[in-house]
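Features reported for this protein in Swiss-Prot:
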| type | residues | note |
| --- | --- | --- |
| REGION | 31-44 | region '7 X 2 AA tandem repeats of P-E' |
| COMPBIAS | 31-45 | compositional bias 'Acidic residues' |
| COMPBIAS | 69-102 | compositional bias 'Acidic residues' |
| COMPBIAS | 110-126 | compositional bias 'Pro residues' |
| DOMAIN | 224-485 | domain 'PPM-type phosphatase' |
| BINDING | Asp270, Asp432, Asp476 | Mn(2+) 2 binding site |
| BINDING | Asp270, Gly271 | Mn(2+) 1 binding site |
| COMPBIAS | 515-524 | compositional bias 'Basic and acidic residues' |
| MOD_RES | Ser532 | phosphoserine |
| MOD_RES | Ser545 | phosphoserine |
Amino acid sequence: MAGCIPEEKTYRRFLELFLGEFRGPCGGGEPEPEPESEPEPEPEAELVAAEAAEASGEEPGEDAATVEATEEGEQDQDPEPEDEAVEEETATEGEEEEEEEAAAPGHSAVPPPPQPQLPPLPPLPRPLSERITREEVEGESLDLCLQQLYKYNCPSFLAAALARATSDEVLQSDLSAHCIPKETDGTEGTVEIETVKLARSVFSKLHEICCSWVKDFPLRRRPQIYYETSIHAIKNMRRKMEDKHVCIPDFNMLFNLEDQEEQAYFAVFDGHGGVDAAIYASVHLHVNLVRQEMFPHDPAEALCRAFRVTDERFVQKAARESLRCGTTGVVTFIRGNMLHVAWVGDSQVMLVRKGQAVELMKPHKPDREDEKQRIEALGGCVVWFGAWRVNGSLSVSRAIGDAEHKPYICGDADSASTVLDGTEDYLILACDGFYDTVNPDEAVKVVSDHLKENNGDSSMVAHKLVASARDAGSSDNITVIVVFLRDMNKAVNVSEESEWTENSFQGGQEDGGDDKETHGECKRPWPQHQCSAPADLGYEGRVDSFTDRTSLSPGPQINVLEDPDYLDLTQIEASKPHSTQFLPPVEMIGPGAPKKDLNELIMEERSVKSSLPERSGAGEPRVSFNLGSTGQQICRMENLSPVSSGLENEQFKSRGKTASRLYHLRHHYSKRQRGFRFNPKFYSFLSAREPSHKIGISLSSLTRSGKRNKMLRSSLPWRENSWEGYSGNVKIRKRNDIPCPDFPWSYKI
């Protein structure tokens, strides 16, 4: 081809840098050095010693002669034994010449100058399986190449091209040197290939091809469609990471397909009982897909057959290597404007179109009626043991592997196809560690909120989804792949403009005040290539789950106040139910007090007040108090004396039956399931005289746990023994510290 693509310069530069770091299997990064190279340093050391002795004018044998002479005393000073010494030197010289002649074929007479030590190279990827069959060579070769190239952040298009060229070279070479013939019962069994030797051959071919492409780069056309992806995976609370995922946006380049529309392949595999089945499926399923006869005209059926072939071959491998594991899997294959999905088990994929979740599949679980009937027809059973399980063991009804559970747990995949009309937003592929705790609508909200907060930047969307699943209580491995089917930056801008028009006359925003003025012009450009978050095995960068909490908060959602700096408690209307934004300073607890009992209590308090000595400020006006529980009927009393705080004293106990009716006014706090238990000192309502506006004085708040309301307060340092009080225009500021999980709000005066 005479043309030149814009990326060629970038690709050449990458190859130059890559060759500077990657010197092939013989450049120091070999998994296991050749055993023949170990005994070489010994003769080289002897030769260097001999050369040094010659350079100093002494014979190599003189040292030994000198030692012998020293042991004999002063005999070496006598002139008589000179002939004997000459004979010894001659014999020693003859022996040295014989040694030099024997070492001459292997070493040159003059040792080469010492070469500078090269920096240590990163280890090459090692194959996880010791032996493979001939049918598995292609998948293993492609996987080894892609692992090595992606480790150096190779562009996806170039990585696919290099992996394809390397795999073709390996397949055309003679693999008989790597074969291990195996005999069983006197008959020739399956011929297997040693993967370590195959890996050396693969990396040697890769190095040769990179050197050739630097000089003469084969020009190719770049794909027209390139899907933006965001990937994140964590081990979470499990001891091992058994999830695997695959992203091949350049499917045509990886398999050298020139007559097909643009194609892409994405998959998530969730292993159980070990990671071998998940690794095997991630390496070989897409290869088995391309090799199916119906792949050109019926990709959905080809996907189902690829699952079946992968399952059969892994069961054979498990029998040879005594493996007892399996994996679920979900695959999405995009060809042009068609989306094809195939799956086994409970890993799932969902489509989002115009901001709404679209169901594409139903996971294979034992509690599905059709799956239960299939299992029982085969002689199995579905029982409840913490979850619905097949024969009391596995909680999935279909999987790759699990040979000991066949045929009840089969590897037959289901498939579905959907036409993409351009209104689709993105796909979310994930394992059950995500979908068991996050429903589709919540996932859509998490993605939407993240895109709005980050001006359409989608690189960390998968991280946000994983964090939401973990905060919702997931302890399993979590893997999430988000594939964006269109430019979400434009979609976010359009939605923001429409929301701004709708909310411009409603007196404020509901997005936490993050309007155009706070964001400014900090929009990030849309990435031009795949932007995938690293699929690490741990959970990086997380200090506390509060930072990543989204709509899945277990407590009530805290809405942002109109004025973010302070709140005027005297402006609260008793006729409106109180939200979790704030509560008035005096709030009753329980289902609501009878008016009769409240009036009796208030009248008695008036009599108590008349008997108390007059205090300063007693004649000042008093504001109203709201008595009752949140969201229920509220009794409003104007210009009354403050409510007594002594509900636990003798006066309360002397009320008899009336006290029992007022029991719900007493503070009661049940033991929490998690965390610590509060033990407040005061069982009283908020009542204070001359409120101070100094920072550090806390107000009490009403909290809810289960079906009970509780009101907790700390002591008021300016008047600890106050029996009455009033409230002026009290301004309070929100606290910056993280409150107790049971307190959805916290303020300071």
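Backbone N, Cα and C define each Cβ position, glycine as well.
Taking the mean position of the Cβ atoms of Asp270, Asp432, Asp476 as the Mn(2+) 2 site, the remaining same-chain residues with a Cβ inside 8 Å of that point are Asp243, Thr328, Asp346, Ser347, Cys431, Gly433, Phe434, Asp436, Asn477, Ile478.
Counting in whole angstrom, Gly271 (Mn(2+) 1 binding site) lies 11 from Asp476 (Mn(2+) 2 binding site) by their C-alpha atoms. In the three-state DSSP assignment, the secondary structure recorded for Gly271 (Mn(2+) 1 binding site) is strand. Ranking the binding-site residues Asp270, Asp432, Asp476 by the number of CB atoms within 10 A of their own CB puts Asp270 at the top. Other C-beta atoms found within 10 angstroms of the C-beta of Gly271 (Mn(2+) 1 binding site) number 28, with every protein chain shown included.
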